[in-house]
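Report on the following structure.
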Amino acid sequence: MHSGVLDFVNKCARSIPSISTNCHELLKSVTVFCKERTKSDHFILYLSNDEGSELTSELTDFFILNPSTNENTGKQRSFKQAITEGIPGYVTKTKKLWNVRDAYTDPYFSRVIDKDLGYTTKTILAAPILLNDRCLGVLQFFNKSQGVYNKQDEEMVNLCTSFYSLAIHYVQRNESQRRSENEIAVLKELYCHHTKPRRKELKDVYNSAVLVEIPDDFYKFSFDFYQSANQASKLSFILAKDILEKCQVPYCEKVLVRFLATAKKHYRDMPYHNWCHAFSVAHFAYMILQGCYQNFSRAEVLALFFGSLCHDLDHRGRNNAFYILTDHPISRLYETSTLENHHSYITTQIFAQQECDVFSSLDKDERQEVMNVINHVIIATDLMEYFKNRNILGPIVESGTYDWSNKEHRKLACALIMTNSDLCGSCKPYEISKISAIKVFEEFYSQGDEELKLGFTPIPMFTRKDEMALNQAGFLNAVVMPCVKILKKIIPTLNEVEEDLKTLLDQWEDYAKEEVEQEISAEDIQQLRIPGSKVQENSLSFVRYNKSNLS
C-alpha cells in the first residue's frame, strides 16, 4: 500500500479514541481522502435507520445550489431510499461490494438521483459498512474520472468502510456506556432513597430517652447474642463508640447512628445471614481485640470491627457456588470470592455517603488504609481464602517467628481473626451453637430446594438427608478448631475459647451419635478429627474446597 495511504490510516486510527459522541468529521475526512484516491466525482454515505427499513444520506458532496445564481450553497443534499431499492439496497442485502462499469445497463441502478440533479451517472463503486455481520450503511462513489473502478479502488473503499465500522462501533459503545452510567446514577439515587433509615430505625440504634440494659454476659466470649437480638443495634452502638474512642478517632454520634442504621437496612431477612449475625461477629471481633488491639495499627482495629459489622451486607442466603452455578450477574462481576467482593462493594457504597462516613475525621491516606483493610478482612471471610491464610500463618506461628511489627504477619492475623469472628456461632455454648447450626442449615435447605427447581442436583448437605450434627462436628474439627489454635498462640485470651470449643465438640459428637439410626463407631468419631478424612470432606462440601487445603 502507498506510504501516503499508510500515513493517513495511522492518523485516522489515532484519532478514533478521541471520538466522543459524533464521528462525522472523521468519516468526512476519510471519505474525501478515499474520493481523491479513487479519482471519483461524487460520493454519498448512506446509514440505515434503527428499524433497518430505510437508508438516509449522512454525508455527501452533492450540494444544494442557489436557484438564482446556480452557486453552491455549501448545504448537503438529503437522499432517502427504501432498504430494498437501487444499488444501495442491493449492497445492503448482499453485504458485498458492487462495482458498476456502466450504470445505465446495471439491473439495480435507479435513475432517481440523475433525474433530480440533472446528473449523468456512468460508473459506481458501492461497498457495505459491516459490523458483526450487520449492514450499518452503504458508501457509494460516482464516476471515476478516467475509465472504470479497478481492484486498487475496491481495496481503498473496503479500507474506508472498515474505518467507518470501527468509528461507528466506537461511538455506539460510548453512547451505550454513557446511557448505562446515567441509568446507574438514577438507580443509585433510588437505592440511596430506599436504604435511607427512617426516624424509628435511627432510634433503634440510639435513643437518649431510653436506657440500654447491658446483658450480664455481654463482655464475655460466650455472650448469647440471640437473647439480645432486639437490642443488637443499640449494643453495636456502644461497642462502636468504645472502639472509636480507644482509637482516638473524633466522630459525630449522629453519623455513627446513621451508619449503623444504614448497615442494618442492608441486611436481608435471612434465617442466619442477617443483622443479628453481623452484630455477633462484630461483638466477637471486639472481644478478641480487647486482648491485642495495642498490637495492631489504628486502621487495622477500625477495619476489624467495622468490617465485621459489614462483612455480610446484602447476603441472600446462598453460597458462592450457587451464583457460579446459575451464572448470576454477581458471579460475572467477581470470579473469585463472589459474595465477599459484593459485601465489600456495598460497604464502600455506604461509607461513600457523607452522612454515614464514620472515618471522615481521618486524613485521606489513613482513611484509604482503613477501607483497604476492611476489603481485606471481608474477603478473608471466604473459607477458600481462610485455608490459604491458615496454611501461611500456621507455620509462622508454630515456628515462633510471628512478629507483631511485621505488617504482613498482622495482615494474616486480621484475616484469621475475621474468620474466627465470622464462625463465632460455632464457638458458643452448645445451645447457642445449635441455634446457629439450625439457621445455617435452613438456608442450605432453601438453596437445595431452589437448585432442584432449576434442574440442578444439590449436594447431600442441602437436601435434608444429611446429618447436621455429624457435619457440624466435622466442620468444627476441620475449620474452627485449627483457626482458634493458631490465634491463641499469639492472642492468649483465646485460650478460654479453645477450652469451650473442646467441650462443645464433645457435645456435637454425642449429638451425632443420637442423630443417625445406626450406631456410630469410635473409629467413625475419630475420623471427624482427622484432616482430610471423608467425614471432614463431607462437612466442607458446601465450600467446594480443594482437599489439599486441609492438610
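Glycine too: its Cβ is placed from the backbone N, Cα and C atoms.
TrEMBL: automatically predicted annotations, no manual curation.
What TrEMBL says about this protein:
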type: ACT_SITE; residues: His273; note: active site, proton donor
type: BINDING; residues: His273, Asn274, Trp275, Cys276, His277, Asp312, Asp422, Gln472; note: AMP binding site
type: BINDING; residues: His277, His311, Asp312, Asp422; note: Zn(2+) 1 binding site
type: BINDING; residues: Asp312; note: Zn(2+) 2 binding site
type: DOMAIN; residues: 194-515; note: domain 'PDEase'
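Positions of TrEMBL features highlighted on the structure.
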| residue | record | DSSP (3 states) |
| --- | --- | --- |
| His273 | active site, proton donor | coil |
| His311 | Zn(2+) 1 binding site | coil |
| Asp422 | AMP binding site | helix |
| Gln472 | AMP binding site | helix |
Round to the nearest Å and give the CA-to-CA distance linking Asp312 (AMP binding site) with His273 (active site, proton donor).
7
Could you measure between Cys276 (AMP binding site) and His311 (Zn(2+) 1 binding site) for me? Cα positions, answer in whole angstrom.
12
Note the Cβ centroid of His277, His311, Asp312, Asp422, the recorded Zn(2+) 1 site, then list each other residue of that chain whose Cβ lies within 8 Å of it, in sequence.
His273, Ala278, Val281, Ser308, His315, His343, Thr381
Counting every protein chain present, what is the number of Cβ atoms, excluding its own, within 10 Å of the Cβ of Gln472 (AMP binding site)?
28
Mind looking up the mean pLDDT for the domain 'PDEase' (194-515) in the predicted model?
95
What does the structure give for the C-alpha distance between His311 (Zn(2+) 1 binding site) and Asp422 (AMP binding site)? Integer Å is fine.
9
With every protein chain in view, what's the tally of Cβ atoms within 10 Å of the Cβ of His277 (AMP binding site), excluding that atom itself?
25
Listed in sequence order, the residues of the same chain lying six or more positions from Asp422 (AMP binding site) whose CB sits under 8 Å from its CB are Val281, Ser308, His311, Thr381
Around His311 (Zn(2+) 1 binding site), how many other CB atoms lie within 10 A of its CB?
27
Starting from the Cβ of Asp312 (AMP binding site), draw a 10 Å sphere and report how many other Cβ atoms land inside it.
26
